[in-house]
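According to TrEMBL, the feature transmembrane segment maps to 34-53, 60-85, 97-119, 140-156, 200-219, 245-266, 278-302, 357-375, 407-429, 441-463.
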């Protein structure tokens, strides 16, 4: 909306309708006289009552209801009107742009409000003290204000969506179904990266928060103790199965962008760059780890499998830990690559240029392989469905002990990554004339390694607590899953090349490419007729 209100010259350049006349624009529209309407008003009236409104969660839900009503006017009434008329952007430019800005603002407000509501429920369930500190009385309005500011930011300062009746959707590109040769503008300038970051983040955050909430409710309502869990009570079996389904769902969400990253990075010219070679290997390790910590873990939880009735579990556990250590090692190599790229072109060429990057990948593979060698005792790597996570323990002479090699690797990885990226920050500040692509690669690498560092922290905490709670074990496993699932999303959000390739794949799924061909044929036929 800032373009529409304050920068009309730029707005007229980006959203120019003078390429075609009104009749020609109508050729790219398809009339669809369908409308829908649902109401929130009765619910809002009930929630605004004194008995409900004194609860923090109902205040947040009331705010969500207000946003929903606003969005319904866009999603139902405005969309219905545009469907009936068979609209594209240039038929109703002012209406579509303003409605699209409202839609983006409302959607972002819904996203952050749902996340705040989930946080509210989790805290309220586990700690009355912190619930009182953070949400009691008028403190809830502070959280609502944060959501309101977030929503206004998207409304005013990000690109709006516009409706395209031929695709029956709202898109950021106002010329989406018009052939590129007819309107030759850079379509990338319409992309809303803030919206993409919001959506990708929401998927992970909401899965983690509500999975934690479901498990917490089950634990609290069933009064499940550690002894009951070990005894495999019927209530526990329900919990184990539930977390298994959550893991499977997360696996699907996380593995798709990982595959996309691998297929894109393997294409020239990206694969010629040392950092992208390592990033490709990271994505492969992500896929293997997602299979272990999401799909295998989900199946084991649902079926109630253990190492006694599933002997292959021990082999899967050994391979899983090896993949994790390789992942840690390649993250350290990637950070080292970025540091030398910033600080010394000569040393960067000596250590990483050409096929030398494969040497670092080989070192990472060897680092993972050494975890499969029982230097320090008999390996007992197995999945424990009672805590919803893998146990990487040792079992020398029938007595369980901590895996100090694994623990030291986690601590070392965390400390080395902190040191390397602190050095990169210093190098970035000292060298103001850095190439834009170098900065982008550094930020992208930092985001990816940040996920690994977060998982390291949780693993270190859980490994050093004598009897960690079930909730802590779940959180550690979710952090591990996010470390591998977050890589793909970070690449798609922060890397233009990967993002464009992803967009093209989505276009194929939606058959928009076919839709464009249809319109090209229509234009050619019309020209021949005239």
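Glycine too: its Cβ is placed from the backbone N, Cα and C atoms.
Recorded stretches compared: 97-119, 245-266, 357-375; the one with the most Cβ pairs under 8 Å to the transmembrane segment (60-85) is 97-119.
If one looks beyond the transmembrane segment (357-375) by at least 6 residues along the same chain, the residues whose Cβ comes under 8 Å of a Cβ in the stretch are 274, 277-278, 281, 318-319, 321-330, 333, 336-337, 405-406.
If one looks beyond the transmembrane segment (278-302) by at least 6 residues along the same chain, the residues whose Cβ comes under 8 Å of a Cβ in the stretch are 240-241, 243-248, 250-251, 254-255, 258-259, 261-262, 265-266, 271, 310, 313, 316, 319-320, 323-324, 326-327, 330-331, 333-334, 337, 357, 360-361, 364, 383, 385, 388-390, 445, 448, 477, 480-481, 483-485, 487-488, 491. With a threshold of 8 Å between CB atoms, the same-chain residues lying at least 6 positions outside the transmembrane segment (407-429) that come near it are 325, 328-329, 331-332, 335-336, 338-339, 342-343, 439, 442, 446, 449, 452-453, 456-457, 459-460, 463-464.
Away from its own ends, the transmembrane segment (200-219) comes close to residues 111, 114-115, 118-119, 121-122, 125-126, 235, 238-239, 242-243, 246, 249-250, 253, 388, 470-471, 474-475, 478, 482, 485-486, 489, 492-493 of its chain (Cβ-Cβ under 8 Å, at least six residues beyond either end). Panel annotation: around the transmembrane segment (97-119), residues 1, 4, 15, 57, 60-61, 63-64, 67-68, 70-71, 73-75, 78, 89, 143-144, 146-148, 150-156, 158-163, 170, 192, 195, 198-199, 202, 205-206, 209-210, 213 of the same chain, lying at least six beyond its termini, place a Cβ under 8 Å from a Cβ of the stretch.
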